[in-house]
Amino acid sequence: AEQLLRMSSVHPISDSLPGLSPPLPRSPPHRWFPSYRSLTAILLCICFAAIHMMNCNLSMSVVCMINTNETEQERNYDDGFSPANETGFIRLEGHADLVDWTPEEEGIIFSAFNLGLLFMLITGVLADKLNAKWMILGSVAIAVVATMMIPIMTTSFYWAVLARFLIGLSDAILQPAVNSLLTRWFPVSERSYALSIATGGRQLGTLLITPVAGALCQSTLFGGWPAIFILSAFAGVLFIVIYLFLGADKPSKLSCISEGELKFITLANAVEDCGKKRNERKVPWKRILLSGSVWSAVVAVVCHEFPLMTMIMFLPSYLHDVHHYTATTNGLLSSLPTLALWIAKILSSYCDSWLKKHTRWSASAICKFLNGIGSLGLGVFLYATTLLDASHAWLAVLFLCLSMFFAGLHTPGCQAALVAIAPAYSGAVTGLAFFFVASSGIVNPIVTKWIVQNQSAEEWNLVFYISTVFALLPCITFSVWGTADCQWWAKSEQQQQYYKDIKSSRKTSKESLDSQSP
């Protein structure tokens, strides 16, 4: 029975035979590059880069678009300074108007993004039923429109809140759609690597927009800071044009894919029941909500995302307030931790594949090992940053880079586990996880802005203490209860029935032995 059980985890069981049917033929090997799988991963990387440029552009532009006392004092010494105009904003010659957002309003605007993310609980279910290609294109289109709203409607705080909400909604549509698409395009052995390439686009987007935003802040192109939003929106339009012609929901819908690659993907994923007609498949919410494996992954992902939100939204402000970097230098230095995160995602995913191939460790053991190291390193270096003052600014940047490097190990860790637990319902599981990510993301900027009232080092240290606690929590929760194994309730119906038959057979055998014993 144990041997049959192991075989059934590799190949689906046919219900035409009482026992184990002849196994499906092994999927023939197919090269990773060049292939349409690698092209799909690259396209998704570009997609995430465009979306994240439209997400994080505000965190950099807010340094030069807000009408603060400091801005007024500094710009009074500029030859191009002109007094406040009729709207009450202070502006430079050739520069767009500055906006009068209070710190509390800034916190609300940043939180609006995460309010849009709350809808991932709904979009996650839809991602397993609708065409992922059109969901991806729709999400980017929404983000483009919302991004252009900010420079056009600068005089209204409420328009800015709506724009950020729509950008969050676009991300809520995108993430589960991508995760659902990954389960149909990539076999289990390649998903961690494909996930790192795709989501690495977030870091590439930050690397592109952050230093450029610092330069645009001081330029007169499109009025200075509005150019940051225009450039981000253009990146989204460019992706839409490319993906419209090259993207596909699943391999069978791509007419130019080779027969060998299509056969490789189909046979490799046959066990997961992802090819079943999606509108006929019901999401097993009871199994999901009662699964300890699911909740351990959800908690780990939330604890991974919380410190990253702090870095994405407030790193430029932290470097400006505590270490007194100028806008251009700030933009360059703010991109370094993101670069470290991107490098770590690629390296750790390769390490994950190497360990699976060259060791006897199980997928779950490797997943928990990498995730544990990532959580510990992230927490330690976030805390170490609080021990430094402005005289050690370079060391603070180094520690932040190291903290983000360790955060990259979460990609083959809890993030890969989120997809592996239930591939056929990856959209629903992702939606559940990021619903709580969004909930914490709403609280994060509001609390941060509430704490940081005077831009002092002590206030920023408290923000980092909170992120450190979140970072260290998965060292316990995910290391004990986490897994990267596909749960039995997420497998094909034939396999579920087979598991039930095996269990029933064992029970019958035990009862028979008990009745025969004296």
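Backbone N, Cα and C atoms are what each Cβ position is placed from, and that goes for glycine too.
The annotation domain 'Major facilitator superfamily (MFS) profile' is assigned in TrEMBL to 45-486.
Residues 136, 139-140, 143-144, 146-147, 167, 170-171, 174, 178, 181-182, 185-186, 190, 193-194, 197-206, 208-209, 229, 231-233, 235-236, 238-239, 242-243, 246-248, 251, 254, 256-258, 261, 265 of the same chain lie 6 or more positions beyond the ends of the transmembrane segment (36-54) yet place their CB under 8 Å from a CB of it. The transmembrane segment annotation in TrEMBL covers 36-54 (among others).
What TrEMBL records for 108-127 (among others) is transmembrane segment.
The transmembrane segment feature in TrEMBL is assigned to 134-152 (among others). Within the same chain, residues 44, 47, 50-51, 54-55, 57-58, 96, 123, 126-127, 159-160, 162-167, 169-174, 177-178, 181, 222-223, 225-226, 229-230, 232-233, 236-237, 239-240, 243-244, 247, 249 sit at least 6 positions outside the transmembrane segment (134-152) and bring their C-beta atoms closer than 8 Å to a C-beta of that stretch.
According to TrEMBL, the transmembrane segment annotation covers 227-246 (among others).
For the transmembrane segment (288-315), same-chain residues at least 6 beyond its ends with a Cβ under 8 Å from one of its own Cβ atoms are 55-56, 59, 110, 114, 206, 334, 337, 341, 371, 374-375, 378, 382, 400, 403-404, 407, 410, 413-415, 417-418, 421-422, 425, 428-429, 432-434, 436-437, 440-441, 444-445, 448, 452, 463-464, 467-468, 470-471, 473-474, 477-478, 480-483, 485, 487, 489. What TrEMBL lists as transmembrane segment is 288-315 (among others).
Annotation comment: TrEMBL describes 327-344 (among others) as transmembrane segment.
Annotated transmembrane segment per TrEMBL: 365-385 (among others), in sequence order.
According to TrEMBL, the transmembrane segment annotation covers 391-409 (among others).
Taken from TrEMBL, the feature transmembrane segment applies to 416-442 (among others). Residues 111, 113-118, 120-128, 168, 172, 175-177, 179-180, 182-183, 188, 191-192, 195, 269, 272-274, 276, 281, 283-285, 288, 291, 293-294, 297-298, 300-302, 305-306, 309, 352, 363, 367, 371, 478, 482-487, 489-491 of the same chain, all 6+ positions outside the transmembrane segment (416-442), place their C-beta atoms under 8 angstroms from a C-beta of that stretch.
Among the features that TrEMBL reports, transmembrane segment is placed at 462-484 (among others). Among residues of the same chain six or more beyond the transmembrane segment (462-484), those with a C-beta under 8 A of the stretch's C-beta atoms are 292-293, 295-297, 299-300, 302-304, 306-307, 310, 314, 318, 363-364, 366-368, 371-372, 375-376, 378-379, 382-383, 385-386, 403, 407, 413-414, 416-417, 420-421, 447-448, 451-452.
If one looks beyond the transmembrane segment (391-409) by at least 6 residues along the same chain, the residues whose Cβ comes under 8 Å of a Cβ in the stretch are 304, 307-308, 311, 315, 319, 322-325, 333, 336-345, 347-348, 370-371, 373-378, 380-382, 384-385, 471.
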